[in-house]
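First the structure, in the form of structure tokens, and then the observations on it.
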Number of protein chains: 2
Amino acid sequence: MEGVDYLADERRKAEFDVNEMKIVWAGSRHNFELSDRISKLVANDPGFSKEGRTMLPRKELFKNTLRKAAYAWKRIIELRLSEEEAAKLRHFVDEPAFTDLHWGMFIPAIKGQGTDEQQKKWLPLAYKMQIIGCYAQTELGHGSNVQGLETTATFDPQTDEFVIHSPTLTSSKWWPGGLGKVSTHAVVYARLITNGKDYGINGFIVQLRSLEDHKPLPGVTVGDIGMKFGNGAYNTMDNGVLRFDHVRIPRDQMLMRVSQVTKEGKYVQSDVPRQLLYGTMVYVRQTIVSDASNALSRAVCISTRYSAVRRQFGSQNGGQEIQVIDYKTQQNRLFPLLASAYAFRFVGEWLKWLYTDVTQRLQANDFSTLPEAHACTAGLKSLTTTATADGIEECRKLCGGHGYLCSSGLPELFAVYVPACTYEGDNTVLLLQVARFLMKTVSQLGSGKKPVGTIAYMGRIEHLMQCRSDVKQVKDWLKPSAVVEAFEARAARMSVACAQNLGKFDNPEEGFAELAADLAEAAVAHCQLIVVSKFIEKLQQDIPGKGVKQQLEVLCGIYSLFLLHKHQGDFLGTGYITSKQASLANDQLRALYSQLRPNAISLVDAFNYTDHFLDSILGRYDGNVYPKLYEAAWKDPLNQSDIADGFHEYIRPLLKQQLRTARL
Amino acid sequence: MEGVDYLADERRKAEFDVNEMKIVWAGSRHNFELSDRISKLVANDPGFSKEGRTMLPRKELFKNTLRKAAYAWKRIIELRLSEEEAAKLRHFVDEPAFTDLHWGMFIPAIKGQGTDEQQKKWLPLAYKMQIIGCYAQTELGHGSNVQGLETTATFDPQTDEFVIHSPTLTSSKWWPGGLGKVSTHAVVYARLITNGKDYGINGFIVQLRSLEDHKPLPGVTVGDIGMKFGNGAYNTMDNGVLRFDHVRIPRDQMLMRVSQVTKEGKYVQSDVPRQLLYGTMVYVRQTIVSDASNALSRAVCISTRYSAVRRQFGSQNGGQEIQVIDYKTQQNRLFPLLASAYAFRFVGEWLKWLYTDVTQRLQANDFSTLPEAHACTAGLKSLTTTATADGIEECRKLCGGHGYLCSSGLPELFAVYVPACTYEGDNTVLLLQVARFLMKTVSQLGSGKKPVGTIAYMGRIEHLMQCRSDVKQVKDWLKPSAVVEAFEARAARMSVACAQNLGKFDNPEEGFAELAADLAEAAVAHCQLIVVSKFIEKLQQDIPGKGVKQQLEVLCGIYSLFLLHKHQGDFLGTGYITSKQASLANDQLRALYSQLRPNAISLVDAFNYTDHFLDSILGRYDGNVYPKLYEAAWKDPLNQSDIADGFHEYIRPLLKQQLRTARL
């Protein structure tokens, strides 16, 4: 900050207590203080500077990330940070690195799938980073379908070892982050074969590189898979390729919590229920939903601030042009994304609770809520990541031409975010899993089995199939009950319609395949209902702070009425609302935009992002955009000299008509 | 190609003559032969290799583009290529470069806005590239609103010169391609001031750099604006920043076709009608629509071929998994994009005709069709570029994880394409221009003035406001008349509804601002109608070749019924169709997907793209994807050594717990 706040006028307009909203956004005062402290610590440390990141060639970029990761670990030790603080620090360093997989996948895999003995052996090494691990699951030819993996782990009772092997080219491990150049170890997923029988996919701890000189061990071929989308983005990560040529590991490096192979080569299931593994999936997807609100809020923060700085058209007499944030078309694209960021925040918070609940039940051997929790997290992962990826790009477009510059921060944010639509379950595949759950629920409605949790509304199916919206005027759309019933009726009717159409097929699987697109739409309707409901439930809590709750009500209204407008076809088609009522909803939506407008800047300030974290000239807190854009331009390598490198060889011969003899 | 065609089975399935379709796609046998010959010439010339492009640091990337541009010009001279052939060659070199602006903007600006004398002086220099020019319009603070530009050109009668000056930071020219490091000249747009009066924006030819040593001339500050979205993408282009400190140019470097300044400093309008300038706009936007079909078809070609190669799930007994192209969810996302590529092709072709028609009329002083032509090209530019940008990213997602690799070609294609949504008229701003035209048309309906061209349907407004779809069964949706009427009724009703709502405001401008989002939707409905109609009109022509017309009918059905489904809310909300009819349309759409499926690969083969042009391992003609992905990975700079650069400094100290003493 250099003194002048060009957005001060905007900040003065706010009708609520920004500091209280910061706490709501963070989830608790503790979270707020933690994030605030650690983000500033990172922002103020030149060791974590992001300067020039998008201009570095791959090798330098990667080396710089190695440096940052080591430096972060050094600071974590020096400052004696707790595990929670250390995780926050890595988050605010904000650069994908091998450490993400080490802490986020390798360690949890051992914790979740290793026996107590295995945990005791491996975790201390991993916690001190004496070994660095990654998670080697996907293969060149196999992604979503884990059961199709080809890598084999064949037990050899002679030596009490597994032989890990890549039998085909398509069985090459492909994509695991941290694998290419850094990891010394990996949890490798392979088909367990013993006594000539294939027991399906299991995890194995395999050492890949020497702990002394880091050379790949004999039989291990390992490398980076090459450049990915974006300038910096995930190119800081060594996503890797890995092949095994009959690599031997001791039997006790099979992760044996759920199933074991004995010395004699007998495959035995333990008494630990397999469902426990689903708990991990719920956990991972829950964090993905939180990450979605992080990423979307960053993009929205940049775009909202710049929309208040940018002026265009509308000056009649040489005066200032209009701030683009005042255009309804801008609001109609931007404000629903701002509302979505908040909506995803709250549904993410609720998912954390759900995870705790599921975990407790699993420990008590109660698996009853697992299918619902699984469908719900799968669906929300799909919904929020799709909306966030699209939303970031929309925010970029909302910044006009300048959003295309790397210095806007938005190209990087997009490129680094989009993989979320594909990893941990492809978003379309996940929607179909939700749809299966919905169809199963519908088919059991007559059975007396009461649907629970997020699917409880199906228990009121008779009402939901018949009811009609009683909205008569614009303001009726502010009633939470009117909104929730609309989303429930739409979701229920779409599911039932799919179920009826499925019934027309002799072979249900064939029907499911044929109607997949409709089923995916029904799943989206169900998931949107969840987000809307959780937002409304949040508002039923006590929320302190002047004007805070009112602002959230406006955001909730925008989120739900925007969806209602966008998916008008569903609501009209299922007959729950009339086109008159749809048009009233749209009028209400417009009115909410006007209510939001004066609070927009403060609502993004509430995310409490440092300029370091945003890394965007357009999104600067002080709004001092143009001088800084101008300044930044001169740092490009092309500006190191007035005359371009290549002028003498390629431009001069052109201008001088001497191309015929030029060597090109 | 290395012999084996892994997609041969797919190609055998085709039910139409691919070679005839290639001619339909190209627009004529002449166009096909030209593109075929030139694209192969480029593909077979190692001087145009794209190898390693995404891995080069900025300076090397840029230098390599300078080399290619010079080499292309050399080949053009050596081969004595015609202007048409030369343009094709530059197209197939497929790398944004300063030459795009020199040929595409600088020369046309002089041709369009220069007097005969000026053309005689400047064009020969430009045609031989003895000078290199760009088009300096947008400024740091000013994009869409050309009238808001701040650069001044003040006439000094003492010396008979204009003084070009950048009075503020925000008046810095910003974005022009070719400006930063290459151009010796620019057409600069500035406020013409003479005798103390501001006459608004005019163009001026300004020399920026010495023709000898390429140094910026005194008073000229010029440079590159820095890194942009994507790895290679537009980073091969020197988008520039430019400031003038009282730079003097002779009076005759003002482009004087439409208005002049006399020696005495008098501002005079010529008798050349200003409307002629709109002709250029129609031309430029027409080429953008063609480019949209080029870009979308490339993405679709990659995604379709890889969808036939990729297999996932569905194997019950260890057999091969299912090709992902056989999944209805994949088809429902991919096939409408394939249909859109064809739809945009044909509407682009029709726009070429429209441009010729407008030009002839303008020459005959007939300006009557100009507003309609202007609205139509503005709207189609917006519609097709938005759909293409989104479509490319969707194609990338349809390739799963591997689409995220640069070697898929899709990240580059996206990053290089998205600016089209912003340049030459921001897509939202353009839609509002269309909406203004629609509202004007509606308001004049009673006046007896008959709407013509693409808006002619408004002449049947009474019928269109009342009629209802007579579709009774699935196959009724194959009738062109049923489809066209549906799109006409929807567009007409949305426009009329907007006009009625506008009528409720005392101040029409206020109403227009308030209802902008609805107005933009009405504009989209109008533009979609144009694309659908032009596709259907195309099918009413005689189209030779076995099965060719049938395939196009399937594509046209998919395009229109997909839109109908996507915008169901409009069709239902305006009361033209019932939800039963909407559901029949959806059934028909699904049936069309099945009809398309066996022809999918051949329909993308018909684009006749070389592997060089596609530059995508996933989109290889022969489908030999996995070995080539594996091979390409090892070329990454990170794989130059087994041990990562940085291991000794940053990884070893981690593993060995020696961080405390490490220098980081």
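Glycine residues also receive a Cβ, built from the backbone N, Cα and C atoms like all the rest.
In TrEMBL, annotation is done automatically, which means it is predicted and not curated.
Feature list (source: TrEMBL):
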type     : residues           : note
DOMAIN   : B:17-132           : domain 'Acyl-coenzyme A oxidase N-terminal'
DOMAIN   : B:134-236          : domain 'Acyl-CoA oxidase/dehydrogenase middle'
BINDING  : B:Thr138, B:Gly177 : FAD binding site
DOMAIN   : B:278-439          : domain 'Acyl-CoA oxidase C-alpha1'
ACT_SITE : B:Glu424           : active site, proton acceptor
DOMAIN   : B:480-656          : domain 'Acyl-CoA oxidase C-terminal'
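Cα of B:Thr138 (FAD binding site) to Cα of B:Glu424 (active site, proton acceptor): a span of 11 Å. Of all the recorded positions listed (B:Thr138, B:Gly177, B:Glu424), B:Gly177 sits in the most crowded Cβ setting, with the most other Cβ atoms within 10 Å. For the pair B:Gly177 (FAD binding site) and B:Glu424 (active site, proton acceptor), the C-alpha distance works out to 13 angstrom.
Of B:Thr138, B:Gly177, B:Glu424, listed as recorded positions, those near chain A by the criterion of a Cβ under 8 Å from one of its Cβ atoms are B:Thr138. The average pLDDT computed over the domain 'Acyl-coenzyme A oxidase N-terminal' (B:17-132) stands at 97.
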